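Asker: Have a look at this one.
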């Protein structure tokens, strides 16, 4: 399951970058079972179990308490690194993007593009206005698996769902147009949980391409972490490796530090602002507070400053 990124690598939902989509879905399942849930994703648990990664299936189904995966290096229960906060983290993230799409479509946007859609089931669970077209873009194996699994569950999309089975490193704009996408119409775009898995220059290309394909009035939502302070990158890698080691003790072999791209990069919000987008941003720490969740610990500065950004192309 574990592997370091390399040129031209591919994956399914049980390997490499693909399994992070399954992790995210497991967290959505956990968040859905919370006493006062912020989100309601009833497709998350069955999709995770269909993938079949044992640890994630047990987390999604409630058979494993995520606190069992914590250790003393996570700090207190309020730490963003603590697995017991995994569901809270994903709840506020999911709610943010859900509300972004619902607000965009209420404003009259009828064309939606979800980049790196993974096990995202928004095309099935959100109350889309009539006439909305949702394009899901991801690796062919990921698209095929989710489409089949949801059909087996008897699920029906609540919008017109069009799949675009293409690697984002390939000519995905051509594939998107071939599926019926019209760049002359305003679009609601999401790049959720994506930017950190791209090299810095690829992130810029992606944001440039989104801008090129956006008619005035288009909207975009994404999230990004600040560049690490001097010396912080190695500490972050060590922490990720420690978490991966604990996962291995439960039979889940994934090297998170080998999947993301480190190094200096343009932060998404100022980069987009310089390319014609009028933006708003909020930190994940602010989202926790706004949703009545216990605050993150002060030692989680970088995670607490994760910036959620949305805006309109002018």
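All positions are counted from 1 along the displayed chain.
Each Cβ is built from the backbone N, Cα and C atoms, and glycine gets one as well.
Computed from a predicted structure; not experimentally measured.
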Asker: Which candidate from 138, 144, 204 does Swiss-Prot annotate alongside 167, 168 at the S-adenosyl-L-methionine binding site?
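Answerer: Record check against Swiss-Prot: S-adenosyl-L-methionine site with 167, 168, extra candidate from 138, 144, 204 is 138.
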Asker: Of all the binding-site residues here, 138, 167, which one's CB has the most other CB atoms within 10 A?
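Answerer: The residue with the most neighbouring Cβ atoms within 10 Å is 138.
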Asker: Can you list the residues of the same chain, besides 138, 167, 168, whose Cβ falls within 8 Å of the S-adenosyl-L-methionine site's Cβ centroid?
Answerer: 115, 116, 137, 139, 166, 169, 170, 172
Asker: When you measure from the Cβ of residue 168 (S-adenosyl-L-methionine binding site), which residues in the chain that are at least 6 apart have a Cβ under 8 Å away?
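Answerer: For residue 168 (S-adenosyl-L-methionine binding site), the qualifying residues are 115, 116, 137, 198, 206.
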Asker: Please classify the secondary structure at residue 168 (S-adenosyl-L-methionine binding site) using three-state DSSP.
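Answerer: Assignment for residue 168 (S-adenosyl-L-methionine binding site) reads coil.
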